[in-house]
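Colleague: Pulled these features from Swiss-Prot for this protein:
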BINDING   A33, M34, S35, G36, G37, V38, D39, S40, M59, G155  ATP binding site
ACT_SITE  C131  active site, nucleophile
DISULFID  C131-C230  disulfide bond
SITE      H156  site 'Interaction with tRNA'
ACT_SITE  C230  active site, cysteine persulfide intermediate
SITE      Q369  site 'Interaction with tRNA'
Amino acid sequence: MPAGRRYGRTRRATLYVTKEGGGRPVAKRVLMAMSGGVDSSVAAALLVEQGYEVIGVTMNTWTDDIPEEIQMNQHSGCCSLAAVEDARSVAHKLGIPYYVMNFQGQFARTVIDYFIEEYTRGRTPNPCIACNRYVKFSAFLEKAKQLECDYVATGHYAVIGQDDRFPGRWLLGKSADARKDQTYVLHNLTQEALAHTLFPVGHLQKSEVRALAAKYGFVTADKPDSQEICFVYDNDYGRFLKERAPEAIVPGPILNTRGEVIGQHQGLPLYTIGQRKGLGLTTPRPVYVVDLDVERNAVIVGEDEETYRGGLVASDLNWIAIPGLTFPRRCRAKIRRMAPEAECTIYPIGEDAVRVEFDRPQRAITPGQAVVFYDGDWVLGGGTIERAIN
């Protein structure tokens, strides 16, 4: 694929795969984040083929409390010893230097502590978004600058471009593989980060990535995608929260939407909006969590239709395709990574908040999750959901 091409349905932009174009000086040294998975393995190989000087790095972010047998499991997350060995194997095959760098302190402060705090506030966080914001495209980027690297690169499924109308404004676009697109968890990348980041596999289908890995003979070619949050190795959030913040796990009442007590919950952080399973209730019809009342330490449940809301308020905004929002704007929004995009109008509220009104009510709008706004294939920006509104 050429360094730049036209891309997108509603915004004229030039897509950069290598960033060796658009009047930019050719830059050669890249700090490549290698998780030990197939995507970052192929990303590193593509950069080597394109002539970059690639330095492979695995970020050690979390190994506390993870049993040795889990760390040695090749199907465990990116912090496992098996993942490090897989990344080292790929780097050796490519003939590039490889290091393991310790980011545990930064990760604990900005991801683990945030994860726990949000749950104790009755919210449902997305730790991958926090990790991208504060670790991969902040602390890791700073490390790259210290090593005199021009770029960082990852195996994320997304693309980077420049707006043809506003030279110098970097854009974040959807990947070629819609099922693997990761723009939702990348929406808070700054212009500085986008200008110094490469996503080498963003223009490929996942099947193409696996085929390339097999062609290169990588041990990661058939490795399954990581599903769990890296620091919750067994995917049991409840266990993790009980161990890390036992004082926040306080039983309380389950109320219906009329305010009647119909059961007892085991601790507010163990529940999320839209949840049906694990409520321990016997009711004539299925009920779902429709709200978490922190002040009363109560879980509010109702029927499925009561989980729908017509809008939301979001704050902590990061705009990418535009410098800011000063007037109402039509766009599409996504309230969860796997949720479909929904038509909406966004209205500014001061400098760092918006009100979002959906054309059709959306199910399980969840405080703490991100809402990301799209203009065709490109990310306008996004923020954190504060509350749902009718």
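Heads up, the Cβ atoms here are built off N, Cα and C, so glycines get one too.
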Colleague: Given the recorded positions C131, H156, Q369, which lie close to D39 (ATP binding site), meaning Cα to Cα within 10 A?
Modeller: H156
Colleague: In the three-state scheme derived from DSSP, which category covers D39 (ATP binding site)?
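Modeller: The three-state answer is helix.
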Colleague: Restricting to the record's ATP-binding residues (A33, M34, S35, G36, G37, V38, D39, S40, M59, G155), give me the longest CA-CA distance in Å as a whole number.
Modeller: 16
Colleague: Neighbour count first, Cβ atoms within 10 Å, every protein chain included; then name which of A33, C131 tops the list of recorded positions.
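Modeller: Ranked by Cβ atoms within 10 Å, first place goes to C131.
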Colleague: With every protein chain in view, how many other Cβ atoms are within 10 Å of the Cβ of G37 (ATP binding site)?
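Modeller: If we count other Cβ atoms within 10 Å of G37 (ATP binding site), we arrive at 23.
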Colleague: What is the interatomic distance between the Cα atoms of S35 (ATP binding site) and the residue listed as 'active site, nucleophile', given in whole Å?
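Modeller: One finds 14 Å between the Cα atoms of these residues.
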